[in-house]
Structure formats: C-alpha cells, structure tokens
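Here is the structure we will look at.
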Amino acid sequence: MLDTEPDLSTRLFSHIDFTHGAVAAVSGGSDSTALLLLLKHHFDRTGSSAKLLAVTIDHGLRQGSAAEAQAVAKLCAERGIAHRTLTWTGRKPSTGLPAAARDARYHLLAEAARAEGIGLIVTGHTADDQAETVLMRHARDRELADLAGRGLAGMAPATLYDWREWIVRPLLGTRRSALRDFLRREHVGWAEDPTNIDEAFERPRVRAALAGESAGHMENTLRLAGQAAVERGQLGASAANLIRRIASQPSTGLIRLDPALLIADDQAAIYALRILLATAGGAAFLPDQARSAALFVRLKAGFLCATLSRTVVDFRHAGLFLRREARGLPPAATAVDNTIWDGRRHITLNDMSGALLIAPLGAAAARRLAIDDGETPASLIRAALAAEPTLLQAFENLGLPQGEPRLPVFAARPVVSPFARFLPSFDLAPARAVAELIGASPLPASPLGGHSAD
C-alpha cells in the first residue's frame with residue numbers, strides 16, 4: 001500500500017534506529033526536502049538527542065547548483081538543523097556521468113557521516129524512483145524476470161556502503177506528489193533540477209513514459225518489485241544455508257566446495273556458486289547467469305578445470321576448489337592504508353614509517369613455503385597463496401606460520417567482493433555466510449527493524 005499523505009506517523013520512521021544520529025542527503029529537490037523536514041519532526045517528537053546532519057552535494061555540473069545548496073543551508077538554519085555542503089571536485093567523465101555522480105555522492109556522504117561518527121545515511125528515494133528503477137532494469141535485460149527477481153526487486157530499503165555505513169530509504173512507499181503536498185502545507189518550496197527532465201538520460205525518459213501511464217501501472221510495477229524482493233530474499237537464504245553446509249576454506253585464498261553442491265537445488269546452487277566465484281576472484285559483480293549455469297552443468301558431468309570471473313574452478317577427487325587465477329593480478333605498487341587490493345583484500349598498514357611495495361606473493365615464493373600434506377593438495381594451497389598480497393622487500397624473511405602470508409607491518413583481511421561496496425538488505429544472508437566462511441569483518445547491525453543478517 002502506498003503512503004499518500006506523509007506526516008509524522010510511525011509508519012515512516014519508527015522501524016529505524018536513530019540512536020547514533022543520521023545524515024540526511026538533501027539536494028533541495030522536493031523529495032529530499034520533505035524527507036529532511038519529516039526527519040526533523042520525528043527527532044523533535046521523539047525527543048531524540050542524536051544528531052541530525054543535512055548534507056548537500058554540489059556536483060558542479062550546472063549553473064545554479066551552488067545557489068540551490070545555499071537555499072538548503074538557509075532552510076536548515078531556519079529550522080535549527082546542522083548542515084554541510086560538499087563539492088564533487090576533479091575531472092568529470094564524458095560518459096557514464098550519472099553513475100559517476102552517484103558514486104561521488106555516496107562517497108562524500110559517507111565521509112561526512114564518518115567525520116561525525118554517524119553510521120546512518122538517509123535518502124529521499126520515493127515510490128516513483130522505485131518504479132523507474134524497476135522499469136529501467138527490466139528494459140535492460142528481459143531475462144531478469146527469470147532470475148528470482150534480483151534486478152526487478154529495485155532499490156533495497158537499506159544498503160550497506162563500504163561495509164560500514166547504512167544507506168536507508170524510508171520513503172520508497174511514498175509518492176512524490178504526496179511529499180509535495182506535504183511541503184505546500186508547510187509553506188516550503190523546492191528546487192527543480194532541469195536534468196530530471198533531460199531525456200538525453202535514461203531515467204528522465206522512463207519518468208516521462210511512466211507519467212503517461214495510469215496509476216494502476218505504477219501500482220503494478222511496485223507490486224512486481226515487492227514480489228521480486230521476497231523471491232530474492234528467499235533465494236539468498238537458500239544460498240546462505242547451502243554455503244554454510246558445503247563450503248570451507250582449507251587455506252587463505254582457497255575455497256573448497258563439497259560435491260553435494262551438485263545435487264542441491266539448481267537455482268540456489270548456481271546462485272551460491274556465482275557469489276563464491278566473484279568472491280574468490282575479487283569481482284565486483286556476479287558472473288553472468290548463463291555462463292554460470294553452463295559451468296554448473298559441466299561440473300555435474302565430472303571433473304574439470306575451468307576459469308570464470310577471474311577464478312580457477314578445479315574439480316577433482318579431493319573436492320571442488322575455487323581460487324584466484326594468476327592472470328591479471330595487480331603489479332607491484334606502493335601500499336596504501338585502508339584500501340582494497342585486487343578486489344579481495346582490505347589492506348591495513350601498521351607501519352607508516354616509509355613507502356612499502358605490495359605485490360602478489362608469486363609462484364616462486366609460494367613453492368618455498370613449508371606446507372604439510374593433508375586432505376587438501378599442497379599444490380592447490382601454494383597456487384592460492386601465490387595470489388595473496390605481500391611486501392616485496394619481505395620475500396626472504398616471510399616467516400609465514402602454517403603457510404599463510406602474515407606480516408607484522410600490514411594486514412590483509414578478506415572482503416566479500418561482490419558486496420564490498422554496495423550490499424542491499426535483500427542479500428544480507430548470503431553476504432554474512434560468505435563473510436563467516438572467508439574471515440571477513442562481521443556485518444554491522446542493520447538500523448532497520450526486522451532486517452537481520454542471519
């Protein structure tokens with residue numbers, strides 16, 4: 001059911017934990033302005049002492065953006081709300097501008113949140129935005145309807161950014177027209193961004209087409225998204241259960257899958273395999289559904305060695321093993337603290353006294369490691385360790401206990417690659433299962449009631 005008259009009722013914010021404050025992303029448009037005022041009303045009504053910080057991102061892409069940011073600052077000053085304006089600086093891409101602007105926006109919002117010790121970012125995405133997103137994804141790939149709703153689920157009510165800050169969208173059930181009615185009752189205006197009607201971009205084209213449809217079309221699209229979200233969550237839960245049953249990590253960088261995977265439900269098994277392939281290979285996106293399904297069929301036929309998503313798939317008597325392929329590993333480069341290496345490892349430097357070079361361990365160094373023979377072939381362990389990061393100047397003094405590259409001057413913690421940047425709440429279950437498997441950092445608790453990572 002769509003919310004058509006937003007107010008201070010509990011339906012909008014009562015399920016969100018604001019204990020540690022919130023950063024509200026406010027552009028000055030109607031949706032984000034209404035969100036800000038609704039949040040302010042909620043904080044005042046509940047007597048919350050937590051900080052509400054409005055942040056406006058000036059992308060610097062058109063005239064008038066600075067004036068709009070100033071208008072937001074003025075409104076915040078009038079309403080007693082803390083406000084900051086952050087600017088997207090540097091060169092802008094000639095293609096893919098909307099995506100680049102989105103990435104820059106979330107990066108700046110996260111920086112602002114971290115500076116205040118706030119782990120929650122709230123955005124004003126509406127039911128209209130959700131319908132547009134679903135239609136855009138459907139138009140891009142007609143096969144999405146057969147993929148248990150992964151894309152057709154649209155935007156998640158919450159998304160974990162960089163495995164640290166939660167981005168929450170409390171207005172996904174609220175129409176833009178209702179928000180504007182609310183602002184009129186408050187006697188508050190808003191800015192109109194001309195790019196929102198510039199049909200040179202995909203979203204404005206979809207928005208224009210949707211405006212010509214009946215209200216029933218909007219309702220049906222959102223109903224589709226809701227059903228797809230349920231199916232995506234169910235598939236993720238099945239995949240998570242499967243990962244916990246059949247996956248293990250005999251050595252750093254090496255995942256073993258029990259052949260029981262091949263007799264499990266095909267849909268859950270293929271989804272679990274895709275997530276693990278992307279994680280082992282350090283890929284930001286899951287491998288292609290069709291190619292993954294074809295690989296699954298080949299695995300059912302017997303032993304093989306193949307590559308997909310930068311991952312070597314080695315099926316032999318000892319089990320089904322996944323590891324990063326040697327091709328395309330990062331070249332030696334200066335180590336930078338708090339960065340992601342090869343899409344797979346979060347690098348933390350414990351010694352900042354001088355420049356350090358980080359590089360893959362390499363096959364030659366891996367061959368010198370003393371590895372006890374066990375259930376897992378030593379050759380597989382060495383191949384996996386060869387793709388792990390180490391310091392160039394430390395090759396002769398690795399001192400690696402149990403064959404694992406651990407140096408006191410730096411730490412390399414695994415990350416769940418396909419979910420490391422954006423983790424939709426739909427996918428919490430498989431993300432947590434993989435994090436437990438590979439030893440990634442635990443997931444921070446979701447601020448939404450009823451959204452568990454279990």
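Glycine too: its Cβ is placed from the backbone N, Cα and C atoms.
Taken verbatim from Swiss-Prot:
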{"type": "BINDING", "residues": "SER27, GLY28, GLY29, SER30, ASP31, SER32", "note": "ATP binding site"}
Please report the three-state DSSP label of ASP31 (ATP binding site).
helix
Check: same-chain CB within 8 A of ATP site center, minus SER27, GLY28, GLY29, SER30, ASP31, SER32:
VAL26, THR33, ALA34, LEU35, GLY124, TRP190, ALA191, ASP193
Cβ atoms within 10 Å, counted per site: which of GLY28, GLY29 has the most, among these binding-site residues?
GLY28
Name the residues of the same chain, 6+ apart in sequence, whose Cβ is under 8 Å from the Cβ of SER30 (ATP binding site)?
ARG176, LEU179, ARG180, LEU183, TRP190
SER32 (ATP binding site), number of other Cβ atoms within 10 Å:
25
